[in-house]
Each structure stands twice: as structure tokens, then as C-alpha cells.
Amino acid sequence: MMEAGVSVRFKVNEIFKSIQGEGSRAGRPCLFIRLTGCPLRCVYCDTTYAYFEGGTMDLDEILAQVREALGPPLPGPNAPFVELTGGEPLAHPGAPALLEALLDLGYEVALETAGSHDIRVVDERVVKIVDRKTPGSGEGHRWLDSNLDHLVPGQDELKFVLCSPEDYAWARDWCLGKGVLDRFDVLFSPVWGSLDPAWLAERIVEDGLPVRFQMQLHKLVWGAEKRGV
Ligand SMILES: C[S@@+](CC[C@H](N)C(=O)[O-])C[C@H]1O[C@@H](n2cnc3c(N)ncnc32)[C@H](O)[C@@H]1O
Ligand SMILES: Nc1nc2[nH]cc(C(=O)O)c2c(=O)[nH]1
Ligand code: SF4
Ligand SMILES: [Mg+2]
């Protein structure tokens with residue numbers, strides 16, 4: 001909780017409405033808040049423009065923009081959906097307060113994070129999509145293993161973005177070793193333009209892995225280079 005009266009400021013790269021392109025909620029209309037800055041440098045990162053570009057906004061300005069874009073929330077299963085991403089949103093000390101404020105307004109709220117920062121700071125009701133970086137990403141060593149103890153089964157997701165067949169074998173063995181496949185919704189996705197999606201889909205089927213294959217739906221719809229979708 002932030003102290004009352006203290007204005008929390010954020011560097012914001014973009015705020016846009018689109019179709020959720022990733023995870024088990026893909027296909028739903030969603031408003032994205034993309035914060036600027038990331039301490040990681042995944043080799044495949046498709047959002048390098050969010051490393052530094054952005055303008056400063058305070059919490060109330062962000063909330064006003066969300067309300068204007070989505071209208072008043074209707075709580076329930078079809079509450080409007082808001083996702084905080086980046087960059088690495090948890091690199092911002094104010095991210096937990098922003099997420100809580102969005103929940104308090106009645107929206108369904110998700111957080112896309114690299115698993116490098118402690119997710120315990122985040123309200124339990126936030127849908128946490130935690131990306132377990134692979135060796136191929138170059139950032140596998142940033143993983144905070146204690147995050148596994150704070151994922152909410154049936155709500156949160158553990159995600160692997162795979163660069164190569166070696167990454168696939170590593171991710172499969174890691175999941176089996178950690179016993180996560182019978183606890184959480186696990187997503188396997190190819191790095192766009194790197195790993196052949198058909199190869200990945202066939203290996204998942206052959207190995208009988210209970211993971212969800214996914215591709216970035218927004219890139220299928222609008223192409224890989226378009227921003228703000
Ligand atoms: C841009 S990141 C922002 C959130 C956070 N920093 C993270 O990495 O989870 C959002 C998601 O996009 C994925 N991503 C980035 N570049 C990608 C690419 N070229 N192909 C597939 N997924 C990619 C990341 O792995 C991550 O799951
Ligand atoms: N449409 C769309 N869906 C997304 N889901 C996660 C995204 C992200 O960059 O974190 C993303 C994104 O950039 N666009
Ligand atoms: S952690 Fe996310 S934003 Fe940062 S470099 Fe990796 S994919 Fe890009
Ligand atoms: Mg994206």
C-alpha cells in the first residue's frame with residue numbers, strides 16, 4: 001500500500017486497446033498498459049522500443065485514461081480486461097499500487113512478467129503470467145524459483161517462449177523435474193520467426209505434454225512489426 005496523498009509516478013511507453021494475443025485468455029478484448037524499462041535483454045525481445053521510450057504519468061492520470069478507454073467496469077465474468085506489461089512491469093516500485101487500483105475499479109487485471117522479480121508484492125487476485133526464461137533467451141539465470149510457490153492454480157500461468165529444439169527439451173525436462181505440469185496452466189510458445197511452430201506443435205503432441213501451445217495472435221492478425229496492437 002502506498003501512503004495516502006503520495007503521488008506515484010510511472011514512465012509509460014504506451015496505452016492501447018487490442019485483442020489479447022497471448023496466454024489462455026487470447027482473443028479477448030484487452031487494454032494494455034506498457035511501462036518503460038527492463039533490466040533484462042532477452043535475445044528475441046520484440047519490444048525493445050519500451051526499454052527507454054515513454055512519458056511520465058501519475059497513477060491518477062493512468063486510471064483516468066483507462067476509465068475513458070473502457071468505460072465504467074461491470075464486475076463479473078465479463079469485466080473489462082486490463083493487462084500491465086512492459087518492459088518489465090515489476091521493475092517499477094509503483095506497479096503493485098497500480099494493479100491494486102485497477103482491481104479496486106472492478107476490472108479483470110493481468111500482469112505479464114519475466115519471473116525475475118518477486119511476485120509476492122502483487123495482489124493475489126491479479127492474473128500473473130510468469131515467463132520462465134529459457135537458456136536460449138540469454139536470461140534464464142534471472143529466474144526467481146520462489147515465484148513458483150506464489151502462483152495461484154487455475155488463475156495464473158507459467159509460460160515458456162522457446163528459441164530452439166534445445167530450449168524445448170530443456171523446458172520439458174524443467175517442467176517434469178519441478179512437477180509443475182499437474183499444478184499450473186503451462187504455455188509453450190515459439191519465438192516468432194525462430195522456432196518452427198509446426199515442429200513445436202508436433203513435439204508437444206508426440207511427447208504427450210499437457211501444455212497449451214500458443215502463438216502470438218496479434219502478430220498473425222496485424223504482422224510482427226506493428227506497434228500498439
Ligand atoms: C515483451 S514481454 C513484457 C513482459 C515481461 N518483460 C516478460 O518478458 O514476460 C511480453 C511477452 O512477450 C514475449 N516475447 C517477446 N518477444 C517475443 C518474440 N520475438 N516471440 C515470441 N514471444 C516474445 C516475452 O517472452 C513475454 O512473454
Ligand atoms: N495483442 C497483444 N497481446 C499481448 N499479450 C501480451 C503482450 C505483451 O507485449 O506483453 C501483448 C501485446 O503486445 N499485444
Ligand atoms: S524481459 Fe520481457 S521486455 Fe525484457 S527483454 Fe525480455 S522479453 Fe523484452
Ligand atoms: Mg507484445
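Keep in mind that glycine also has a Cβ here, set from the backbone N, Cα and C atoms.
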* Name the residue, out of T48, T56, T85, that TrEMBL lists for the same substrate site as I19, Q20, G21, R34, please. => T85
* **Recorded S-adenosyl-L-methionine site member, picked from G87, G94, G106, G115, that accompanies Y44, C45, D46 in TrEMBL** => G87
* Asked: Within 8 Å of the Cβ centre of C38, C42, C45, which other residues of the chain have their Cβ, at the recorded [4Fe-4S] cluster site?
  -> L40, R41, Y44, T47, T48, Y51, E88, A114, E139
* Find, for the listed binding-site residues C42, C45, the residue with the lowest Cβ contact count at a 10 Å cut-off, counting only other Cβ atoms. => C45
* What is the nearest of the binding-site residues Q20, G21, T85 to C38 ([4Fe-4S] cluster binding site), using the Cα of each? -> T85
* **Greatest C-beta neighbour count within 10 angstroms, which of the binding-site residues G21, G87** => G87
* Identify all same-chain residues not among I19, Q20, G21, R34, T85 whose C-beta atom falls within 8 angstroms of the centroid of the substrate site's C-beta atoms; report them in sequence order. => S18, E22, C30, F32, E83, E112, H218
* To do: May I ask which of the binding-site residues C42, C45, D46, T47 is closest to R34 (substrate binding site) if we compare their C-alpha atoms?
  => T47
